[in-house]
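Here is what TrEMBL says about this protein:
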- 11-200: domain 'Acyltransferase 3' (DOMAIN)
- 9-30: transmembrane segment (TRANSMEM)
- 50-69: transmembrane segment (TRANSMEM)
- 81-98: transmembrane segment (TRANSMEM)
- 118-136: transmembrane segment (TRANSMEM)
- 145-168: transmembrane segment (TRANSMEM)
- 183-205: transmembrane segment (TRANSMEM)
Amino acid sequence: MHYPLGQLIYWLFVPILIFTILLMFIFYPGQDPSTMAHIYAGLWEMYARPYTKCGPFLLGSLLGYYIFCTNIQLSSLKSKLILSSSIVLAVATVYGILPEYWHPDQGNTLYNVLYTALFRTVFSAAIAFAIAALVLRKERVNVPLIWTVLARLTFNAYLLHMPMIYIFNNVQFLQNATTPYELLAIMPFVATLSFLAAFVFYVFVESPIGRISNVLLKSVF
């Protein structure tokens, strides 16, 4: 499961950084507070309901079961092709929301309905294929421990991303920003705060629960 450091940087860190910066250029200026409150209420309604996460959860469970049961090993070329395709699909899914920003008053069109219903599952499928492309690859080499640490912190930052978003919504500067460049300037601070929160969450919540789950699974299976 381990790959050269330079290869990991090229295939994972650099694309993620680039697309994170590009994502800041998707913004919707000129909104009044009442409209924004309505938008955030709708977001909370979607995130609060468990069935909005069923697709990604099932795909993740199936991926773990498949990796556990299969002996398939991918060549370097196949692994790179699958990983590249997964990254393209993930980016396309993120930017697929743009028509809703460009035409906010078009209502419940077929595209909007399908995108809202499927984008989480499609995005999780892209992540699943990327994981499979790396885990099932033939070549194995050691990498620095820092990558394991970053992987765990990133996962915990994901678990905390909605509470962090609601906290940042109360930062007036972020609400008044009219260009992506203002967001770029504050991004290091936001990222640092998010990963500090992720570290605390990992130490006191995710890691203890993971250890307990591991013991329970071993006793069952």
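Keep in mind that glycine also has a Cβ here, set from the backbone N, Cα and C atoms.
Please treat TrEMBL annotations as automatic predictions, because they have not gone through curation.
The transmembrane segment (50-69) shares more Cβ pairs under 8 Å with 118-136 than with any other stretch in the list 81-98, 118-136, 145-168, 183-205.
Of the candidate ranges 81-98, 118-136, 183-205, 183-205 has the most C-beta pairs within less than 8 angstroms of the transmembrane segment (145-168).
Sequence-distant contacts of the transmembrane segment (118-136) (same chain, six or more residues past either end, CB-CB distance under 8 Å): 1, 3, 52-53, 55-56, 59-60, 62-63, 66-67, 70, 72-74, 78-80, 82-83, 85-87, 89-90, 93-94, 96-97. With a cut-off of 8 Å between Cβ atoms, the residues of this chain six or more beyond the transmembrane segment (183-205) that come close are 21, 24, 27, 152-154, 156-157, 159-161, 164, 168, 173-174, 177. Looking just at the domain 'Acyltransferase 3' (11-200), the mean pLDDT is 78.
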